[in-house]
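J.: Below is the structure I would like to discuss, written out as structure tokens.
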Amino acid sequence: MLTHPQFDPVAISLGPMAIRWYGLMYLVGFVLFIVLGNVRIRKGNTVFTPKMLDDLLFWGVLGVILGGRLGQVLFYEPGYYLDHPLEIFMVWKGGMSFHGGFLGVLAASWLFARRNHLSFWQVTDFVAPLVPLGLAAGRLGNFINGELWGRVTAPDKPWAMLFPQARGEDLQLAAGNPQYAQWFAQYGALPRHASQLYEVLLEGIVLFVVLWWFTSRPRARGQASAVFLIGYGIARFVCEYFRSPDEGIFGHSYLISMGQWLSLPMILAGAILWQWSRRHADNRFLR
């Protein structure tokens, strides 16, 4: 059985300034966005320029931070932030929500499209294949931090991992389950899925490969966006069955988690967009 390495959350210390791994992974995601975006631009068949890509990143970063934080507040911890409203602005404390960040990026894409006289789908279809590797970097940051660990699994499974950071939650689970209590007494923590790495694979690497291949030739307007919505929604829905569920606005449930509730509209919206795109397949645009 594996044990989480318990990495130092600080990647680089420069005097009084500390750069944390999680923040560094966000930076990696933004750099990958620029690198992959420039690769697409150099291939041609796109209205985007390097200058437009830089502007798009600026708006995207604002959308990720503002939307991600607002999503964390509204979807996952509304009661806590109602009692501690000033902590809403402490983005380094308490995390951010992907689904909130996604909505923030949609709003940023709409504003960018209006400012540059582009179709909204031109922007989102261009962005879709640039996002997954950034998501993978973020999930890798979660793993390095030893947070958002997976659900309990049997200790004899080759993928079982002990997360010492989860001891508080482990104690609560062990108190109500004799089998868990035995495992906790034996190992000092409960064996869990390393669900962050599953998300790196499915939401990041696999989704990137699918979208990069799909956008390698011109597609009907909105199709790349539809593939992202459906692909991410399904990947997240599956991964949530291995991830320890968060307590959201619908309570704490092991049957269907908050992340799954939020992924269902993405899958539905993607299916609707795909059908709309097929009916307008003659309305193509350059990547």
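The count begins at 1 with the first shown residue.
Heads up, the Cβ atoms here are built off N, Cα and C, so glycines get one too.
Pulled the feature table from Swiss-Prot, pasting it below:
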TRANSMEM  17-37  transmembrane segment
TRANSMEM  56-76  transmembrane segment
TRANSMEM  88-108  transmembrane segment
TRANSMEM  118-138  transmembrane segment
TRANSMEM  194-214  transmembrane segment
TRANSMEM  222-242  transmembrane segment
TRANSMEM  254-274  transmembrane segment
J.: Sort out the residues at least 6 away from either end of the transmembrane segment (254-274), same chain, that have Cβ-Cβ distances under 8 Å to it, and list them.
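T.: Residues 75-76, 99, 102, 151, 222-223, 225-234, 236-237, 240, 243, 245-248.
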J.: With a Cβ cut-off under 8 Å, give me the same-chain residues at least six positions beyond the ends of the transmembrane segment (56-76) that come close to it.
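T.: For the transmembrane segment (56-76), the far contacts come to 26, 30, 33-34, 37, 48, 88, 91, 94-109, 111-112, 123, 127, 246-249, 258, 262.
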